[in-house]
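See structure below.
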Amino acid sequence: MNILVINAGSSSVKYQLYDMENAIVLAKGRVERIGMDTAILMHEPANKPEFHKVDEILEHTTAIRRVLDVLVHPEHGVLSAISQIDAVGHRVVHGGESFKSSVLVTDEVKKEIRRLFDLAPLHNPAHMLGISAVEANMPGVPQAVVFDTAFHQTMPAKAYLYPVPMALYRKHKVRRYGFHGTSHKYVSERAAAFLGRPLERLKLITCHIGNGASCAAVWGGQSVDTSMGMTPLEGLMMGTRSGDLDPAIVPYVMGKEDLTIGEVSSMLNKHSGLQAISGISSDMREIVEAVEAGDKNAILAFEMYTYRLRKYIGAYAAAMNGVDAIVFTAGVGENSAPLRKAVCEGLSFLGVDFDEGANGLGRGIEKRITKLGSKVEALVIPTNEEWVIAQDTYSLLQEQPD
Ligand code: ADP
């Protein structure tokens, strides 16, 4: 069975085609700059050279058409017919309180995703464009949706409610939802397998540190707390996002700087974090280079970033009254040895006996970065959200009556 995984954004579509029986990626790629006459398709078929094409692609239906065309292209393709794609799985950022797990797309599901537009105005409308574009190009092919929020639906009320008037929750669903759930779930399961211990008995702190970053307290395989909130702005300091701050800063700065709601939101989401403090970049690679060159602002940015992450790890150890393992994943978590070192070396009080040698070795593999016998283990586990989406889609299809 072949499953196409789609991650549709407002001006981009990322895709990955899986052969499920053999658990291999047949092709992956993305379309960027949708809406422009210089849109670009970047296609990476397995065992064939990469293929790039600049083209006018004005909306998502055409973008999906181009993806399907290249997948069956005689030279660059990997299938002989589109009918060889059995199902499509979509990443959807916000499932609100309605979706506690992945589901097959129905009219009711689409209606509910639309109802959630208010909570994720930048993401959910784009995902719906992706779903409609697949419907238009591949009528009748089953589609599934996998939500970033679903894994965190197990959080108890004490973790997900904000201490503000309850009417805001009742009327407007103001609460913490958390994101990156697909990744936190996947790396928790992989960590248990790596440690050879049952997930049901483990207290894990999973750190998904990419452009966006969040950590989660995962107790017995269930998310009991996570650092992102009603939106992906809360929590850790990120590439361009502020993370936690005093909410009173928002009206204060709006008044002083004469900013609109849109402007202050853009400041906190796009012009804060590593970028704002370093004045150099939102990319951890460039920050680390500048730190090594002795740049003072980069050093401060790096210290703030790792300090805030370490504080969250301490908080989640307290939330679970203990921790067995800390897991690093995503672009920064998987690749930045200096980040892991800075965080783990300050956690010796918890029982983390950091292994600097292991930390510096090997990329893209699951590994332990604490010494043998360390009371609390630290692991690097590469995430694979697309594979989870493909697997969930596959399982939902298997559950369907013939
Ligand atoms: P996204 O949140 O966009 O999914 P990713 O998980 O792909 O992000 O992470 C992207 C980020 O990973 C980049 O912005 C970069 O800062 C970071 N990154 C990638 N490789 C390295 C590296 N070798 N060292 C440090 N950071 C890295």
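Any Cβ shown, glycine's included, is placed from N, Cα and C.
Noted in TrEMBL for the protein shown:
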{"type": "BINDING", "residues": "N7, E385", "note": "Mg(2+) binding site"}
{"type": "BINDING", "residues": "K14, H208, I209, G210, N211, G212, D283, M284, R285, G331, V332, G333, E334, N335", "note": "ATP binding site"}
{"type": "BINDING", "residues": "R91", "note": "substrate binding site"}
{"type": "ACT_SITE", "residues": "D148", "note": "active site, proton donor/acceptor"}
{"type": "SITE", "residues": "H180", "note": "site 'Transition state stabilizer'"}
{"type": "SITE", "residues": "R241", "note": "site 'Transition state stabilizer'"}
Quick one: Cα separation, the residue listed as 'substrate binding site' versus E385 (Mg(2+) binding site), in Å?
9
Restricting to the chain of D148 (active site, proton donor/acceptor) and a gap of 6 or more, list residues whose Cβ falls under 8 Å of its Cβ, or answer none.
R91, V92, V93, H94, G95, F179, H180, G181, T182
Which residue, out of the binding-site residues N7, N211, shows the minimum number of other Cβ atoms inside 10 Å of its Cβ in this structure?
N211
If you draw a 10 Å sphere on the Cβ of I209 (ATP binding site), how many other Cβ atoms land inside?
27
Can you list which of the recorded positions D148, R241, R285 have their Cβ under 6 Å from some atom of ligand 1?
R285
Report the member of K14, H180 (the recorded positions) whose C-beta atom has the most other C-beta atoms within 10 angstroms.
H180
Tell me, which recorded positions from N7, R241, E385 are within 10 Å of N211 (ATP binding site) if we use the C-alpha atoms?
R241
Cα distance, R241 (site 'Transition state stabilizer') to R285 (ATP binding site), nearest Å?
17
Let me know how many other Cβ atoms fall within 10 Å of the Cβ of R91 (substrate binding site).
22
Cβ-based isolation winner (fewest other Cβ atoms within 10 Å) among the binding-site residues D283, E334, E385:
D283
